[in-house]
Amino acid sequence: MPAPSGVVNAIYSTVIRRNFGFLGVIFLGAFATEIAFETTANSIWNSINRGRQWRDIKHRYMEQDE
Amino acid sequence: MPVVSLEYVFEMSSLRATRALGAAKSGATRTAQRNASSQSSSESAGSWKDTALLGSSTAFAIGSVSWYYYQFGRPAYAMTPQEEGLHPPKYPWEHEKLYKTFDHGTLRRGFQVYREVCSSCHSLSRIPYRTLVGNMMTVDEAKGLAEENEYDTEPNDEGEIEKRPGKLSDYIPNPYKNDEAARAANNGALPPDLSLMVKARHGGCNYIFSLLTGYPEEPPAGAVVASGLNFNPYFPGTGIAMSRVLYDGLVDYEDGTPATTSQMAKDAVEFLNWSAEPEMDDRKRMGWKVMAVGGVLFALSIWIKRYKWVNVKTRRLLYDPPTTGPNRPDNVTVGSAFRK
């Protein structure tokens, strides 16, 4: 197998080549993907439903308490 | 062609008969002509019979199918239209769209309508106060509401059951002690629990909205309304024990929305939809996420399948015959499969 070049090569030989590193990449990747996906999906959802959800109207009723 | 065979030919098939007829005509003998003319008239008689047979069997087929449909295929209505009730029109509910949540301002108003109007007759027994928090009320508001009611305590050391103010975990109290009391107070009719009402009736939101706003000033001429009942065309049977309850300006909305009859009905109905499907907002949002992730995974699975199969799909099996030596095809002689 021809050795991967440049950055890929560096990452491969420093991190992925070791099993621990490989596992770490998978776990961190999963967390990062999850957070990124949830954040974008929820912000799209909240903008489609702007003004309809409790989060959009609660300030009207919260302020009275303070 | 000899005339004798003509009749035989006619009986065989019309195609050959036509050809034979042509031959007979071109033969132009007297007999042939007479025969031909008589044959051609018998041919037209045959086609008349064919047409009649075809027509009558088609008519019979259509007739028997429609008779069968008439007997067994029509929808059977167990009820008269009056017993069925007027079907409600379809309203463009915003919250029923696949990508829309409930309008929680509407829910708050709808809950107010329930508390101020419906709750004197209808229970909402599946809704605890805690579910209102973060949906249409703040914690303090919901706690305050719960505390307005008294609930039984657990038995104390002496086995006495005392009263305590409500907590968030308590359920909205019933207006009547039991169904019998509810019946007795409503002319014998039980006001049903409203928690799942939107799911429990055909037409859901449309039906309840139409029911609440559908009371005419007076029943139409000729309508029979039993005593104690009210006329409502949307209610199956048209005689309903609940009278019209919503009138313009009945409640005072804190957000300044004009409290027309239809506004209150709309708010109450959306609130009842929430009480029947409190999970709807999350369900829709989760559904979209599942479709997004599922879509990516599906595309990936297709790609992986193609990736794995590419060797198999592009493989070609070639026969490469030896070009030299005794087994070269042109060298092989008798008995060989490659004999030239």
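Glycine residues also receive a Cβ, built from the backbone N, Cα and C atoms like all the rest.
Just so you know, TrEMBL annotations are computer predictions that nobody has curated.
Owing to the predicted nature of the structure, the values given are computational and were not obtained by experimental measurement.
According to TrEMBL, B:CYS118, B:CYS121, B:HIS122 bind heme c; the candidate from B:MET242, B:MET280, B:MET286, B:MET291 that the record adds to this site is B:MET242. Proximity of distant same-chain residues to the compositional bias 'Acidic residues' (B:147-160), defined by a Cβ-Cβ separation under 8 Å and at least 6 residues beyond the stretch ends, is recorded for 166-167, 170, 173. If you take the C-beta of B:CYS118 (heme c binding site) and look for same-chain residues 6 or more apart in sequence within under 8 angstroms, you find B:LEU194, B:VAL245, B:ALA268.
B:MET242 (heme c binding site) falls within neither a helix nor a strand when secondary structure is assigned with DSSP, and so counts as coil. In the structure shown, the C-beta of B:HIS122 has more C-beta neighbours within 10 angstroms than that of any other entry among the binding-site residues B:CYS121, B:HIS122, B:MET242.
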